[in-house]
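J.: Annotation source Swiss-Prot lists ATP binding site at Gly37, Pro38, Ser39, Gly40, Cys41, Gly42, Lys43, Ser44, citing sequence analysis. The feature domain 'ABC transporter' is assigned by Swiss-Prot to 4-235.
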Amino acid sequence: MAQLSLQHIQKIYDNQVHVVKDFNLEIADKEFIVFVGPSGCGKSTTLRMIAGLEEISGGDLLIDGKRMNDVPAKARNIAMVFQNYALYPHMTVYDNMAFGLKMQKIAREVIDERVNWAAQILGLREYLKRKPGALSGGQRQRVALGRAIVREAGVFLMDEPLSNLDAKLRVQMRAEISKLHQKLNTTMIYVTHDQTEAMTMATRIVIMKDGIVQQVGAPKTVYNQPANMFVAGFIGSPAMNFIRGTIDGDKFVTETLKLTIPEEKLAVLKTQESLHKPIVMGIRPEDIHPDAQEENNISAKISVAELTGAEFMLYTTVGGHELVVRAGALNDYHAGENITIHFDMTKCHFFDAETEIAIC
């Protein structure tokens, strides 16, 4: 169990590339924190600084109140799971899981107890005598997790552990890691570029871009209240739709659209002096409905209709704007078809067109 405090953490390489910029985060005991962002955003570098595998260029890392900047990795009471399983091919599953404990000269009976306990949790009991080559990708990843679990560390770090698995296995392992967190009741920090993993697993998500933290919050918070256009577009699949326009009276207008803004949102826009200035409206695909209501109805033409099973993803053209609409599968939709869509303006978001920061 551990609490972490990252205070003004910086990472600058010798070539003056600034990879992580003024990273601040307080992590409570037993939290499941996910760092998410595109490639090169600094998420893995931050994780490696926590692990002691990268030197911290500036700021302080505290674990349970103790400054860890100069403490070697092996003394930080941290266990790490990497993207590649890093298993010894000539060793059995048991020996792979026990290897670190043997290096620490832990008593044989303690090693046996921990390995069997971890194997029971991970469903590996029947595979303990097998070698990695005889296992599936998901089973090998469980072995890598087991090797970390047996250390009984205060903090578990995971660097894109599921990226080598196929889609079905990723879904399965997501659930298994979440269950594992509940069973171990320990602090976990997980790195991924996959926003679905972040949304489904985290107690809090840290969204990064270009080495800078964009937003920290619970999955529902960052989805429903994104801090800026980057977060709004990165979290959610398909991504949020964005339309540039202006506010005229109680309407959001473009050259081809005119949508009525709810009073509560209009009041915020007025206090932020956003009237008659360039502004961006964002609306998620599930908040555009392929049916007519009393107002905010627009004619759209379907360019692509993707059936995913329970629903359609409709890629439409609306007055010169490309918009994605999520629709139920009760009706059939086809490319080239004209439909009427309704904007649920109570669910829309408005962003400053210049700063891209959320207004409401």
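Numbers run from 1 along the shown chain.
Cβ from N, Cα, C; glycine included.
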J.: Check the binding-site residues Ser39, Ser44 for other C-beta atoms within 10 angstroms of each C-beta and report the one with the most.
T.: Ser44
J.: Cβ within 8 angstroms of the Cβ centroid of Gly37, Pro38, Ser39, Gly40, Cys41, Gly42, Lys43, Ser44: which residues besides those meet this for the ATP site?
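T.: Sorted by sequence, the hits are His193, Met208, Lys209.
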J.: Which one of these binding-site residues has the most other Cβ atoms within 10 Å of its own Cβ: Gly37, Gly40, Gly42?
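T.: Per the Cβ count within 10 Å, the most buried is Gly37.
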J.: Tell me which residues of the chain lie with their Cβ under 8 angstroms from that of Pro38 (ATP binding site), as long as they are six or more apart in sequence?
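T.: Correct list: His193, Lys209, Phe234.
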J.: What average pLDDT does the predicted model assign to the domain 'ABC transporter' (4-235)?
T.: 93
J.: Counting only residues 6+ away in sequence within the same chain, which have a CB under 8 Å from the CB of Cys41 (ATP binding site)?
T.: Met208, Lys209, Asp210, Gly211
